[in-house]
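Asks: I have a structure I would like to understand better, so I am pasting it below and will then ask my questions one at a time.
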Amino acid sequence: MVLVSFLFSFSEPLMMALSNSSWRLPQTSFFLVGIPGLEESQHWIALPLGVLYVLAVVGNVTIIFIIWGESSLHQPMYLFLAMLAAIDLVLASSTAPKALAVLLVHAHEIGYIVCLTQMFFIHAFSSMESGVLVAMALDRYVAICHPLHHSTILNPGVIGRIGMAVLVRGLILLIPFPILLQNLIFCQSTVIGHAYCEHMAVVKLACSETIVNRAYGLAVALLVVGLDVLAIGVSYAFILHAVLKVPGGDARLKAFSTCGSHVCVILVFYVPGIFSFLTHRFGHHVPHHVHVLLATLYLLVPPALNPLVYGVKTRQIRQRVLRMFYIKGLI
């Protein structure tokens, strides 16, 4: 609840600042195409996207509810998981409702301020999710390499500061995105060949110089993904080194199994994201509708799958979910 109230208090002045700035625009809105080239079948594409969004909302709300209500789960791994679920909830809800409205009821128009706000939330929370994955890798490193000091090193105060650092980093790095877009001139075309407002898709519409926007967007992507993947890689290198020194195959297997859920989430988040990023900037021979589909799925698949991965892989979460449905069944 604190995170949600903070975001609302932050987004209001952001929208006011954008609306009070001097725009050099002849229109007051953008036009979202949806999935270019697949207009005739967009309503069918919306069905699996809607299912993914429902799974994301139900799954992440369930994860947050279970961890919030169970004091025994107020441990580093589960607290970071609750942060991940909250971020996934915001990320999916920033993308899916408008995308589904475009695909199902042809609500293609989106206001400039709303478009920039959606763009900011999508990119900021993607950065935050990457940061939480780094924090979860740190938790696994401490739990395996320093098990006797796990609760001391990652005490509630440290976890809170890590969560705040992840939040502030995402906000600070992404605030320049909408600000820099205000300096661009959009002469005629305001048609975005996308299902939502994506940074580079908006930048490409400008008829003025966009080198600063492109350079900053590339720098942020390389900084966030590059440093975060490096940090995760170093953490797992230490984990692998420590596990291989453990005598006995069963002990090693148990140590590796504690990292299984996190590794799956890392792959689900980074692999499609990196592929989408590379095709957007360098994949000139990739059909545009393929890129749009990948970019949209990238924002909905991880939020939908993460609760399922942790629900299946983590015994404590699985047991509480089954117990919750069992009690409801008795009622």
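Just so it is clear, glycine is given a Cβ too, placed from its N, Cα and C backbone atoms.
Values in this document were obtained by computation on a predicted structure and should not be read as measured data.
TrEMBL lists these features:
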- 59-310: domain 'G-protein coupled receptors family 1 profile' (DOMAIN)
- 45-68: transmembrane segment (TRANSMEM)
- 80-104: transmembrane segment (TRANSMEM)
- 110-138: transmembrane segment (TRANSMEM)
- 158-181: transmembrane segment (TRANSMEM)
- 218-243: transmembrane segment (TRANSMEM)
- 255-278: transmembrane segment (TRANSMEM)
- 290-310: transmembrane segment (TRANSMEM)
Asks: What residues in the same chain, six or more past the boundaries of the transmembrane segment (218-243), come closer than 8 Å to it by Cβ-Cβ distance?
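Replies: That would be 123, 127, 130-131, 133-134, 137-138, 140-141, 144-145, 173-174, 252, 255-256, 259, 263, 266, 270, 273-274, 277, 281.
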Asks: Thinking of Cβ pairs under 8 Å, which stretch from 45-68, 158-181, 255-278, 290-310 has the most of them with the transmembrane segment (110-138)?
Replies: 158-181
Asks: Using a Cβ cut-off of under 8 Å, list the residues of the same chain at least 6 residues beyond the transmembrane segment (255-278) that approach it.
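Replies: For the transmembrane segment (255-278), the far contacts come to 84, 126, 129-130, 133, 136-137, 140, 143-144, 221, 225, 229, 232, 236, 239, 242-243, 246, 291, 294-295, 297-298, 301-302, 305-306, 309-310, 313-314.
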Asks: Which bits of the chain, at least 6 residues beyond where the transmembrane segment (290-310) starts or stops, bring a Cβ under 8 A of a Cβ in it?
Replies: 35-36, 45, 49, 52-53, 55-56, 59-60, 62-63, 81, 84-85, 88-89, 91-92, 95-96, 99, 122, 126, 129, 193-196, 198, 261, 264-265, 268-269, 272-273, 275-276, 279-280, 283, 317
Asks: Summarise the model's confidence over the domain 'G-protein coupled receptors family 1 profile' (59-310) as a mean pLDDT value.
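Replies: Computed over the domain 'G-protein coupled receptors family 1 profile' (59-310), the mean pLDDT is 87 on the 0 to 100 scale.
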